[in-house]
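Peer 1: Handing you a structure now.
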Amino acid sequence: MSASDSTMASIMKWRFSGIVLLSFVCFSLHSAPLYAQQSMEPTVADTSSPRSMLKSFIDACNELHQLILTEHYIDSKNPQHLAVETRILDCIDASNLPAFEREERAAEAAICLKEILDRHQLPSRDEIPDTAAIESAGGFEQFSIWRVPGTRITIARIEEGPQKHEYLFSTGTVDRAVDYFSDVQASPYRTDGPLTSPDLHKWYMSTPHNPFVAAIVRRLPDGMRFGRTLGLTNWKWPALLVALLITVAFMVLIYRWHLVITQRTRGRRNLAYCLTIVYPVAATMVPLLFEWFARDYLTIRGTPLYIVSFCANATATLAGIVVVFAASNRVAETVIASPRVNRQGLNAQLIRIASKLTSLVLAVIVLMVGGQYLGIPVGTLLASAGIGGLALALGAQDTLKTLFGTLMLMADKPFRVGERIVIKGYDGVVEDIGLRSTRIRLLTSHQVTIPNDELARSDIENVGRRQCIKRVTDIHIPLDTPSEKVEAAVAILQEQLDNHEGMNPDYPPRVYFVDFLPTAFTIRVIYWYHPPNYWDYLAFGEKFNLAVFHAFENQGIRFSLPNRVTHTSLNSEQAPLDVRMVDNSRGS
């Protein structure tokens, strides 16, 4: 691979870094012709030793400074400018920087390091170790770090990663470069040694990247252009606040539309319901667009940019979790919409619960990946998850018991939505089986909610799954009824039930003269009604009762009535008899 190809590959790797360094510029109307006139063979930074790396870094920064002075802006689309930016960033070890702000912080660290080097007396070229000096000192393995004299800047040999065995500004130096610069910012620039690049940091913090915005900013007073409030250039505050308000308004509107349209389409139009996933996806993109606008158009740099980037990416991560839950719900509803699945059955409820558990696992994964991208160590995330899980297990035992009860109900399937059950004295129809509880509509039209763990431990009578409705009734006739009348009564009952409505041949009716009671003869009638439709069962029962009533009247068979004894007073008037018990064991 040629040097040009290597440079362009490195350019693509740091494509966002170019945007960061573009903020050093002052745009000119006559720059386009200059691109056609200049042609420079791009080179890569030599990081084989501290001497070569430091020279490449200083030369690249000075070259960038000269481009700013001559062309008044940097264009990331110009290969010459990109090559300079890449040579600068290739000298930075950014491996410890959070992914969401890696390019920005690496660029800021590079600018701060150049400002520090411009304010300190640097050693002569021969005093900086090169490859030969390192080999004479015991080899590269023995010479792993070198400090710039008079500074806290260290250059270290990388032992792993894509820049292995290169000498770069160490991770500690990169992490503390901004603080180091703030300590020496008031110091004057040196007057000898390598060239300096005065006010490079000022251009970095204040100049916009977009040419249109730059043209507007150039017309502002210096107090607005270069003055800073809370670390942010003054002219950027109004645009940032307006962009923030627009972002929040868009997210609120998107989620509101999502809720309204979802409620209208869920359970009615499955395709339209699935398409509503575009709303939470769009909401995820909104904070990222806000970050892009703040970085590329407003050219926010430093701590304000890190705050904006962190908040935007954290919001996008949370919005991504919403997308996970929304997508799992739509997948579940699509599966349930299949003709093979009963929407009111336990299988449908099991699919919904499985989708919720799956989305919960995916949400945790998204949260951990997003946290790692934001710079939170994975070990910390796992430890937090472990501690949180322990706290959850200790503080939410009832919830966990309910969850396991739900899983037991899903496995045993003792009932499903729409079935009538009797449990703990409640008799009603199951309306919903949730992740935590089950709702039952009682026959009185009241609704009762029972935790699933209690359902899993209780005896459940599933009335809705009965195969038939059984009726057992006793018919009493008076004791003075002749035997012929008793036999006729039995025959009448058998005749009325012969091949009756709703009869199953496997369940023939039964009629027997079963008992002599002190008050009546007892004939027991048993029959089963199929299918178990309660209202049809009542209608047949009424028809049977009337038919027996008429047949008994025609045969002169009377129904036995309860014995009634009336007590009267001694004067033969209809009045209750006052009866008192006298205790003879006591004296009068």
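Even glycines carry a Cβ here, placed using N, Cα and C.
TrEMBL lists these features:
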DOMAIN    356-397  domain 'Mechanosensitive ion channel transmembrane helices 2/3'
DOMAIN    398-463  domain 'Mechanosensitive ion channel MscS'
DOMAIN    472-559  domain 'Mechanosensitive ion channel MscS C-terminal'
TRANSMEM  237-259  transmembrane segment
TRANSMEM  271-293  transmembrane segment
TRANSMEM  305-329  transmembrane segment
TRANSMEM  350-370  transmembrane segment
TRANSMEM  376-396  transmembrane segment
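Describe each of these features in terms of where it is and what it packs against.
Peer 2: With DSSP classes pooled into helix, strand and coil, the tally for the domain 'Mechanosensitive ion channel MscS' (398-463) is 22 helix, 25 strand, 19 coil.
If you look at the transmembrane segment (237-259), the same-chain residues 6 or more away from its ends with a CB under 8 A from one of its CBs are 229, 276, 279-280, 282-283, 286-287, 289-290, 293-294, 297-298, 300, 308, 319, 326.
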Peer 1: Restricting attention to the domain 'Mechanosensitive ion channel MscS C-terminal' (472-559), give the mean pLDDT.
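Peer 2: Within the domain 'Mechanosensitive ion channel MscS C-terminal' (472-559), the model's average pLDDT equals 93.
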